[in-house]
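Have a look at the structure below before the remarks.
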Amino acid sequence: MTAKKLLEELNQVQLAIELIELGARLQVLESEVSLNRGRLVRLYKEVSGKSPPKGMLPFSTDWFMTWQPNVHSSFFYNIYSKLREGQRLERMQAFIKAYKLYQEHIQLSGEEEVLALTRAWTLVRFFESDMFQLSKCTCCGLQFVNHAHTPDADYVCGVCQPPSRAGKPLKQKTLKIRKEI
């Protein structure tokens, strides 16, 4: 095996390990890493200590349009697109870095992580397939995930105009904690 081929294989193994540690499903690995399925399964078991989960990947665009997932998805995708444009990072380098920055922000803010790595990867794929676009909110000026080809001249995001029940479970949880104290 030539040194160049060996280095490429090593890079693919490192990419797979990093994706597994971030919570990637086997289907994501198969799409993004050029190692055979058997090797990916063994690597998954070795890194995570368990067999890869079975089942289909999420494929509906509707999940990303609901209030809280839309806010998290928009935050992640804006980081991702800025890394691609500004830093000129390769697709998967930008993806991993953006996802780590998303996780770091969520952890520091004390919020619950809404966007799993597989959903983030699906989001990027939806943008690459022209199923989504970023729409600028007319109130705050920030960019939010929206269905492609949707008229957005007077788009208002879910943060500026939250749905009527937004945050209710959070308020109930806070009240429950206060009662316990």
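One is the number of the first residue shown, and numbering goes on along the chain from there.
Backbone N, Cα and C define each Cβ position, glycine as well.
Model, not experiment: these values are computed from the prediction.
Per TrEMBL, Zn(2+) binding site is recorded for CYS137, CYS140, CYS157, CYS160.
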8 Å Cβ shell about CYS137, CYS140, CYS157, CYS160 centroid, Zn(2+) site members excluded: THR138, CYS139, GLY141, LEU142, PHE144, VAL156, GLY158, VAL159, GLN161
Which listed residue (CYS137, CYS140, CYS157, CYS160) has most other Cβ within 10 Å, given these are binding-site residues: CYS157
